[in-house]
Amino acid sequence: MSPSNAFSFFYSYLISKMKLAKLHYWILGCFSMASCCWCTSDKFPQSDGHSHTWKKLYLAHHWPVTVCKMSANDCQDPPDYWTIHGLWPDKGEECNRTWHFNVTEIKDLMSDMRRYWPDVIHSSLNRTHFWKHEWEKHGTCAASLPILDSQKKYFSETLELYHHVDLNGFLLKAGIKPGSTYYQMADIKEVLTKFYGVTPKIQCLPPEESEKAQTLGQIEFCFTKELKLRNCTEPKGESSQMHTNLQLVTEELSVCNDTLPVYYPSQVQDHKWSLKSLKNFNKTN
């Protein structure tokens, strides 16, 4: 073989080796990236073309009697205290659809979950659909915070916030009790805002055609990303990013009307027979 042919052969051999090496590193790099994404896909929200950034959390309490009044399901003997509806970021839904609910992760919370976060409209104690819904729709978005980045943390922290607010205890101390008494919306807002130092969001079931009063249904407290109480209202000029379908069973609720009396029912069926109380309310207010 002539020197020139030997050089050409060596040069071609060297180029082919370099191409193989590049291909090897390119494949290795792609595999590493795929492995990284696979390892973290169950923890961090996946991008689906929508922004999931949010500013505040809503801790929603709902009044079980009102929930039962709205529902045609097997709602029986609802709790006579405010229960948890959910902990909701003000923006984003189903942020990670691959991060499915696993009830075994909250098995040591089960006693408190059944008492303070029950599925009001379904009587079976073994039902977990409500919690599954709350986790997959809202918890996977709240999990962008380290303090809420697992199912155990999300549910346990919500229970902690619920006990910290202690809405049941405060309303009783303030003399706001369920029964045949009607309240002014302004009075309820005032005592809540004065005690907690922030403005909550209060929702009611609007009156039906034969009714004169709205029915108290849900009270929401807002928290910062540091889990500190804050106003639910936005500063002037800013619009709330709260989406329209946060609720599982309260689509008919709306922000309470300040001009209508508020009914705080103690029983599912005791609203319409209280017209006498309403007449007395109208005479004195």
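Glycine is treated like the rest: Cβ placed from N, Cα and C.
Annotated features, as they stand in TrEMBL:
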- HIS85: active site (ACT_SITE)
- GLU134: active site (ACT_SITE)
- HIS138: active site (ACT_SITE)
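Counted within 10 Å of its Cβ, the other Cβ atoms near GLU134 (active site) come to 23, all protein chains included.
Separation of the C-alpha atoms of HIS85 (active site) and GLU134 (active site): 8 Å, rounded to the nearest whole number.
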